[in-house]
């Protein structure tokens, strides 16, 4: 019986080539798109799930509650580690400190000064106890390798990069930041890329204890660095809520006695939420919001739904042509369930073909999607999960797409069906078909609006005035040790000799960055204010190099230690000072340091990403923190200038790697995720629109056949081509307008929520909605137009004779 | 074999009520060849549809082999139909996607005959209908007469007790029409009961008895000698 079903199905596909092509194209693109989105979403959801204790691992984090706002910090004070172990003895704790931009020098036979590598993804000073919490595979050695000072552990990939192969790395020495000699005492198997703890270069924590001052690591309760992370492994019986209660008592005991201007509390952050919680900094390369993943999942679902809708629409429309076959089968003894099974089998054949094609499409496109989504892990389609998903998707699509047409066709009355008296209007599902077209255009329009808004917002961000000059500023990083500091002035003089260099500034941080160095502060000899001030350290040329505007006073004098300060407008606003000149001469103090006179007030510039508000800012000079060199370049002859700068760097700092980046590129990295999302929106919205057009084209083609007689009669009676075009497009235009009114509130809510992630954002103007409706109508008319014009231009005599 | 009494079928729309069969009563004995004639709209096709268990009457009784089938549900009707009744239509009603062999095989599939037996029986009947050489062709590749022979082959492949023929020669020229009528007569002579709706006096003469209908009622019965 089934053989017969499949045989008929296959021949029916061949017979209705155009419709089959539309169905198979739509379904395969839909399934491929959904599968790719599933892979991306599943990858993001898989972060750190390979850890056997995934559900029991937590990070101890800090919340600072000020009078008006709350700040979150992924770290704890260094002194808290010991106290946690004493106060909560039943929990296993392990700590690590991450440092970014350090340099390692690896001895090399061919290079007298050794090969230098800048560790942009960070080194981790790590306690061996971390390995009681997290599980990693070792190629050589174990956690004990990190027990003693001056030991380093590399992962296989890094060891191979540094020493040619990992076997040769064991026992070799290397130098960290030109100061600390370390011995390679263990090799870790490469950690999967889907982790927020990308361990590749690990130095024993005992080393950090010896060289603490070089890395701003002080064993006290005053400073909380987001780079110092404490992880906890709870016993299977322990409940996180109970530990949080204990941590509340712990916080009261240790922080409340400090009498600061905030209420500081520690609590547990589950490992499973680290990848999704934007409140905290990540040790990995990015944080993904769950809303983004939900949006991508919904787009995947929408696309597959649209492909199913096409299938249902075309199948029910085509059922008119198949009524005779159904009638014959019924007359010959087929009952409803047999017919139902037959039509479901036909759907299954089409879906199976589409699935095979979808696999091919996904296989070709996967590398591009991997690139767009910045997935570093090699991805393959042929995993049990993906295959399982494919199978499930196939089954769901068979049911979604097949159930209704099977129901409609198998219910045909055999007498009417046999006489071929079924006409489009008498087939059940005309109103359903209209409903489904409305649904398709609603989804398309929501996606058009979402894409237009996302692209506009990203354009707005990339062109937004940060309040500073971001073009042509080259930033060189170093660890700012005493050697670097001692040569800075001579280095600067040499750089200024290069014709392409306009100005040079040493500083701790670019004007806009994702660094969050902040402190409590006091103004004008008052008690500490109830909000924090962001700190940047810079020399006097910072103003010139980054094009910062002063609205009062002058730049702070250059000095080895802090002597004068500049503040921004936001700080004055928060202090209630209306006239910038009033602040000049007043004194400000960060933490418990000395009072500094305010000598300049800067016009506000964006201190962080545009997701956040401008923060109150104070800039003072302090040579020991000014380890970045910012160089404002003239735009002509950039490559020559860059080459000259590199030569000067090598001349002054032969022991330090040259690691330049452009300020505008660093800023672009803030919005990498939004850029990716905006690109994914564009691609998948395009696909969704294409699928709906495909369906529309199919429906109009069918309509053209059905209306042959009507068109013929109308033409004989004198109808113009334009009036016939109207006949075809009127219904679809009405349906698009209906779907527009459904799409508007949905898209408005969705994009309003998305834009709320940005403090600086575009407004949701009516233009986006006008573009969506105009775009949809135009797309529909173009789709309908070709078939409609052909039908309108056909010879009416021929049309009527065929009747 | 067939005994209908006071059978009524009324088609209703919102505004119009059409009486298709008006308390009609007919008997057909096993082995009979009956022709039903009458002008368009007199209810012949409605009667044939009810006799073929494709439709159910609104009122009255329909005994098929002494079983009351007037109000059988769809599943029971389909079951009874596929084991007992064969159909021949004016427009042949072959499935375009299936070959000659597959079209004839279809009723056997629905009655659950095994593949080996099916092949044997289809080949036998195609041979008998002299269409064996066309077994792998599709309906569009055949002439009208050949298509109708395939349709007759399909109608008889299950050895039905009753064949219902709805204007079987309506789409054929006289030579092919005569051929089909000879086939039906042969089948009847071998014991199959045949009820045929026709407009053709010539075709009706092949039958044993002609029932003439008007406005949903029988008006005359001619016994052919």
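In case you wondered, yes, glycine gets a Cβ from its N, Cα and C as well.
Your range for transmembrane segment, going by TrEMBL and the list A:431-455, A:456-480, A:481-505, A:506-530, is A:431-455. Between the listed ranges A:21-43, A:44-66, TrEMBL ties the annotation transmembrane segment to A:21-43. Looking up the ranges A:246-276, A:339-369, A:556-586 in TrEMBL, the one annotated as transmembrane segment turns out to be A:339-369. Residues 27, 31, 34-35, 38, 42, 304-305, 307-308, 311-312, 315-316, 319, 322, 326, 336-337, 339-340, 343-344, 346-348, 351-352, 354-355, 358-359, 427-429, 432 of the same chain sit 6 or more residues outside the transmembrane segment (A:389-410) yet have a Cβ under 8 Å from a Cβ within it. For the domain 'ABC3 transporter permease C-terminal' (A:683-794), residue counts in helix, strand and coil come to 96 helix, 0 strand, 16 coil, using DSSP. Counting residues 6+ beyond its ends, the transmembrane segment (A:732-750) has Cβ neighbours under 8 Å at 295, 434, 437-446, 449-450, 453, 696, 700, 764, 768-769, 772-773, 776-777, 780-781, 784 in the same chain. Contacts between the transmembrane segment (A:21-43) and the transmembrane segment (A:431-455): absent, as fewer than 3 C-beta pairs lie under 8 angstroms at sequence separation of six or more. The stretch from A:431-455, A:679-705, A:762-784 with the most CB pairs below 8 A to the transmembrane segment (A:293-318) is A:679-705. Counted with DSSP, the domain 'ABC3 transporter permease C-terminal' (A:298-414) comes out as 99 helix, 0 strand, 18 coil.
Here the transmembrane segment (A:339-369) has long-range neighbours at 2, 5-6, 8-10, 12-13, 20, 23-24, 27-32, 35-36, 39-40, 311, 315, 326, 329-330, 379, 381, 390, 393-394, 397-398, 401-403, 405-407, 409-410, meaning same-chain residues at least 6 beyond its ends whose C-beta is under 8 angstroms from one of its own.
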